[in-house]
Amino acid sequence: MTEPDPAAAEQRPSVGRNLPTFQDLPIPADTANLREGPDLNAAMLALLPLVGVWRGEGEGRDTDGDYRFGQQIVVAHDGSDYLTWDARSWRLDADGQFEQLTLRETGFWRFAPDPNDPDENQAIELVLAHAAGFVELFYGQPLNASSWELVTDALARSKSGALIGGAKRLYGIVDGGDLAYVEERVGADGGLEPHLSARLSRFAG
């Protein structure tokens, strides 16, 4: 993982883009651009590089085999002590064109007492609701200023939800300022198996 280059960042087209907003609410609007809207809460500074709208492609693996997908991830805030997260994915055909909608998740990043060391460290807490019918709780730590590792701590499934094991995720800012990640999930044999990976470019923020 790499440290962001502030000078290069200011030259990106994304610096002038942000989320569309309605102007009639008496509350701060969500912003995915740190140059606009409320200041980022001090409690979230360790996650500052994640804020933005990210778009790109990745590779996935399911019971039918390997596939490619497109993805947009929106990481925003309203000045509160959490970040909002919305990730939408769509499967691509052999020509790289849209084929069908696939995974979608929404949730919140925040910091909480580390369940493994409550007296010493603050852990990243990521709560995700998946469109496939399950809710997942991750805990993790920053590895450095631009990478973060999380592991599933608890998983609850609806009666119609997908049968799925826990996961390990690694996110990081890589060369060029892109957001890259790898997700492994517990497979049928009880071990972690490759599930998703992607490299996304900053579209806004």
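Including glycine, each Cβ sits where the backbone N, Cα and C put it.
Within the set 17-23, 31-37, 52-58, the record from Swiss-Prot flags 52-58 under the feature motif 'GXWXGXG'.
When LYS159, LYS168 are compared with the heme b site residues THR63, HIS195 in Swiss-Prot, the one appearing in that site is LYS168. Secondary structure from DSSP puts LYS168 (heme b binding site) in a beta strand. Of all the binding-site residues listed here (LYS168, HIS195), it is LYS168 whose C-beta has the fewest other C-beta atoms within 10 angstroms.
Counting Cβ atoms from all protein chains shown, THR63 (heme b binding site) has 5 others lying within 10 Å of its own Cβ.
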